[in-house]
Every structure is written in structure tokens, then in C-alpha cells.
Amino acid sequence: MFHHSGNGSHLALTTFPGPTQGHQDLEGSQALSQQAEVIARQLQELRRLEEEVRLLRETSLQQKMRLEAQAMELEALAQAEKAGRAEAEGLRAALAGAEVVRKNLEEGSQRELEEVQRLHQEQLSSLTQAHQEALSSLTSKAEGLEQSLSSLETRRAGEAKELAEAQREAELLRKQLSKTQEDLEAQVTLVENLRKYVGEQVPPEVHSQTWELERQKFLENMQHLQEDRDGLHATVELLQVRVQSLTHILALQEEELTRKVQPSDSLEPEFTRKCQSLLNRWREKVFALMVQLKAQELEHSDSVKQLKGQVTSLQEQVTAQSQEQAILQRSLQDKAAEVEVERMGSRGLQLELSRAQEARRRWQQQTTSAEEQLRLVVNAVSSCPLPPPVTDVSLELQQLREERNRLDAELQLSARLIQQEVGRAREQGEAERQQLSKVAQQLEQELQQTQESLASLGLQLEVARQGQQESTEEAASLRQELTQQQDLYRQALQEKVAEVETRLREQLSDTERRLNEARREHAKAVVSLRQIQRRAAQEKERSQELRRLQEEARKEEGQRLARRLQELERDKNLMLATLQQEGLLSRYKQQRLLAVLPSLLDKKKSVVSSPRPPECSASVPVAAAVPTRESIKGSLSVLLDDLQGLTEAISKEEAVCQGDNLDRCSSSNPQMSS
């Protein structure tokens, strides 16, 4: 039976006792292994889809990593900007570098976006092209399948014609067989009539030879029948192997078709349904046609083999009967020739006997005539007055008596010889008759034995015919069970295929749903990336604006401080002038020194608390000049500290803004990962 595994169907038989059970178990295991292979391939396809989904997730994770890297770069840029605030020139360089990095990042992101779009377009075009190619290949394959179907139909019609011709030939062969049987019966009756007519049998050697020939022929016929039976079993097994190979080939072709027809877009279920329905119809038609053709081929081959076997057996029987008839005719001719020879011999003996009797009769006549002549002579002599001399008469009488005795002896000898020949011929005929009767009895016994052997061989032939009939019935039952098993397996396989198809459709819909979700997540990630880019651009613009405002504020503060410094310088000069005039400069210097440098106050506490000697009054202006410069430096350091505090506050504010941006990015990243 055909196996479509996505394909197809498996062929198997029910379990029978003997070696057929192991064979069917092997076929069942092969069917299960093929179904397992089909399921494994489908699982591989599902794993491939899951791998694609995983790759999409990895690409989304990579994009997320890129976003994090961009965020890190933005943070590094902020740190670079923070580090570059110390000097204006470094700040400008850092700003220029940040601008370059931003442009590079924008260009890189733009290039990546363009590359992704280009790849998407290429994939879309390639998938559409593959879809078109698959569609064209499917149409071409459908046309090819229609052509193959038409060729199969034509082949089926031709095989139907051949089957009809074979049936006609079988009818003719049956008629010839009936005629040959009638001729054989007529010849058998003719042989029986000849046997009855002749009344003699074949010699034992010829009969044993014919019986041995018939026995060998019957044994050869039995061997041929056994070989035909083994050949039928072998052909059944080979046909099963061919069917399994065809199912495997159909399964591979179907799998290839399903793999080629795999739709590129998940929104094409109608196309897959059409392809699947077309494939199922094609598979059913091909399966039905192949089963029908195979059944017709098997029936045709079986009928032809049976008819050929019957014709050969009948021809062998006819040849055997003709040979037996020829042998019987030859033996009949031999016996007729022997009878004719015996008849000729007996006729010759009868002729010899008649000749001997005729010679005896002639001798008797001669003796009687001689006796009469002798009497006449005696009478004449007695009547004669002057008899001849006694010596002449006595001599003549003596001669006549001797001749008579000689003739009597010859007659007796010939009679004895004739009697001996007749007795010998009678004895020989009696011996031959007894020998022929013994031979006839032996031939009758051998004929009875041959008839018994023929009856036993006929019984064996009948048993062989019954065995052949049983084998044909068994083959018919096996075919019927095969068709039933094919129907059952086809139904079970269709149910299994439907179940697998439904499960695969569910898995495919699940994978499509997950793929759509992944695409939506990817789109969300792209949208969030664009939003983050826009926010980053806005933050950059805001930071640039803030930096510009800070620069302007710094410049204004510097100008104000410069003006304040100038005012303080003027006030200082005025104060110095007044202090110098009033003598309070040293006290101001000490107070200023204590206010600016408390550490110096601790060190020089003893100097400040002790009274100044009068001799140091002359050096007061020189000593006062140093603390004045130090006080100026302290005031400048205070101003610088204020400026640094202001810049630190500004940098902290920028860090807070960047932290908010990073929090927003981190809040958008879990959405992307989900």
C-alpha cells in the first residue's frame, strides 16, 4: 500500500503464521519509522521556524544593545562635556568632538536603518520571487501530473485492451485444450481398442521405460507447479517492495513539494490549502490508478500463467499419450510380425508334412504297383510253360525283394523323420505358446501395476491441482486482505495525516502569531528607538542651549566680577591710601589675614597677640605689602571657588537631566525585550 507522509501511505499485510508474520512486522516497523521520520522532519521545520524567531529576537536584542551603546556613548559624551568644562578651549573641542560623534552616530543609525530597509526589501523581493517560482513550479508540476494522469489513463486503456486480447487468447486456448482433450480421449480409446484387439501387451522393458518417463514427467510437472507457487510468492513480495519504494518516493516528492510550496508570507493560508488539496487529489488519483493497474497486472499475469501451465500440462499429456500410442503401435506391429513369422513357419511345416505324406503315399502306390507287377510277373511265370532258368528268376526275384525292402526302409525312414519333425514342431509350438502365455501374464501384471501407478499419479496430480487451487484461493484471499489492509491503512494514514496537518497548522499559526508579535515588538522597538533618538536630539539641543546660556551667564558673571574686581581694586587703593594716611593699614592686614587664612592665624597667634616692639615700626609698610597681595589672592580664590561651585551645580543639573533620559531609555528597553 502507498504511504504518503505529508506524504503518504504505507503498505502492509495482516499477520499470517510462518515467515509472513516477520515480514509484516518488518513492514509495520518500516511504516512507523517512516512516520517517525516525517514527524522528525516536521519538528525540524518547527525548530527552524523557532530558530528564525530566535534570530529575530537576537536582532531586537542587538538593536537594544546598540541603543544601550548609544546611551553609553551619550553618557560618555556627557562625561566628556563635564570633563571639558574646566577649560573653554577643551569644552569647545569636546563640543566639536561630541558634534562629530553625534553626526557619526546619526549617519551610522541612518545607514543601519537604510541597510535594514534594503535588506527587508531584498528579503521581500526574494520571497516574492521564490513564491512566484514555487507557484510556477507547482503549475508546471500540476500540468506534468495531469499529463502523467492522461498517460496512465491511456496506459490503462491499452492494458484493458491487452487484457481483453489475453482473455480472447485464453478462450482460444481453452477451446484448443478441450479439442486436445477430446483428441486425447479418442486416442486413449483407440489404444484401448487396439490392446483389446491384439490381446497382447507391451514387453516389460518398454512398459517400465514408459512408466519411468511418465513418472519423471509427473515429477517435473509437480516441480514446475511448486516453482510457480514459489514464483508467485516471490512476485508478491517483490510487488510489496516495489509498492513500498513507490510510497517512499511519493513521500519524498510530497515532502519536497511541501517544502517548496512553503509560503513566504504568513497571510497565505488559502494558497497552502489549494496546494494541499491539489496534492491530496493528485495523490488519491495516482494511488487509485496504481492499485487498479497493479491488480489488473496481477490478475492478467496469474491468468496467463495458469493458462500457460494448463496448456503445457495438456501438451505434455498429449505428447506422452502420443508416445505411448506410438510405442503400442510399434509393439503391435512387432507382435503381428512375430505372429506372421510363426504362421509362416507353421505353414511351412504343414507343407513339409503334406509333402512327406504325399511322398509316403507315392511310395505306397509304387509299392502296391510293384507288388501288383510282381504278382503279374509271378502269374505270368506260373502260367508260362517253359519257365526261364531258375537262376535268372531267383536273381531277379532277389533283386525285386531287395528293392522292395529298400523302398520299405526308405518309406519307414521318411515316415519316422516326418513324425519326428511334426513332434518337434508341436513341442516348439507348445513351448512358444507357454512362453507367450507367461509373457502375457507378466504384461497383464505390469499393466495392472502401471494402471495402479497411473491412478496414484492421478491422485497426486489431483492433490497438486487442489494445492494449486488452494494456493490461488489463498492468493485471492491475500489480495482481498491486502486491499482491506490498504483501505484500513489508507484510512488510518489519512486520519493520521489530518491530525498531523491540524497540529502543524496550529503550530504554524502559533509560530505566525509569535512572529507577528515579534514583528510588532520589533516595530515598537524601532518606534521607541526613533523616539529615543528624537529625545536624545532634543536633549542635545537642550544641553546645547543650556550650555550656551551657561556660557553667556559665565561671560556675564566674568564681566560682572571683572567690574567688581575693578571696583574692589579702586576701593582697595582708596582704603590703602586712607589706611596709610591714618596708620590703620597694619591692623586691616592682620584682620584680613585672619579672615582669609585661618591656618596662618593659628601659626602666628603668638606674633599677633604680642606687642610690637618699637624698633619694628620702620618695617611695617614693607611687611604689610605681602599680606595685602595674599589677601588679594585669597579673594580671587574665593571667587574662583564660587565659580567652581556654580559650574558643579550646573553639571549636577545636567547629570540629573541625563539620568532622567537614561531612566526613560531603561523603561522603554523592557518593553522592547518583552
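Backbone N, Cα and C define each Cβ position, glycine as well.
The coiled coil annotation in TrEMBL covers 29-77 (among others).
The coiled coil annotation in TrEMBL covers 304-571 (among others).
What TrEMBL lists as compositional bias 'Basic and acidic residues' is 153-162. Per-class residue totals from DSSP over the compositional bias 'Basic and acidic residues' (153-162), listed helix then strand then coil: 10 helix, 0 strand, 0 coil.
According to TrEMBL, the feature region 'Disordered' maps to 1-29 (among others).
What TrEMBL records for 140-162 (among others) is region 'Disordered'.
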Which residues of the chain, 6 or more past the ends of the compositional bias 'Basic and acidic residues' (153-162), have a CB below 8 A from one of its CBs?
289, 292-293, 296-297, 300
Given the model, what does the mean pLDDT over the coiled coil (304-571) come out as?
75
